[in-house]
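To start, the structure under review is shown below, and the notes come after it.
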Amino acid sequence: MEIGIVKWFNNAKGFGFISAEGVDADIFAHYSVIEMDGYRSLKAGQKVQFEVLHSDKGSHATKIIPIADTQE
């Protein structure tokens, strides 16, 4: 599993991109692979854990799990 930060996520379209250390290109993120209860969405700057699949269309995230901010 990789750890990354959400660069941006469009709730209306249901997708966005994640950046991760050691990965040159941004990683595509789709709402359908976000693992959480309720409305599945991400916010820019949010820390997430995920797996990466590589295809001819680029890298995309699977099994995206938001990481709770424990600094509150």
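Each residue, glycine too, has its Cβ placed from N, Cα and C.
The model shown is predicted, which means the values in this text are computed figures rather than measured ones.
Residues annotated as domain 'CSD' in Swiss-Prot: 4-64. Each residue of the domain 'CSD' (4-64) gets a DSSP state, and the totals for helix, strand and coil are 3 helix, 34 strand, 24 coil.
Over the domain 'CSD' (4-64), the average per-residue pLDDT in this prediction is 94.
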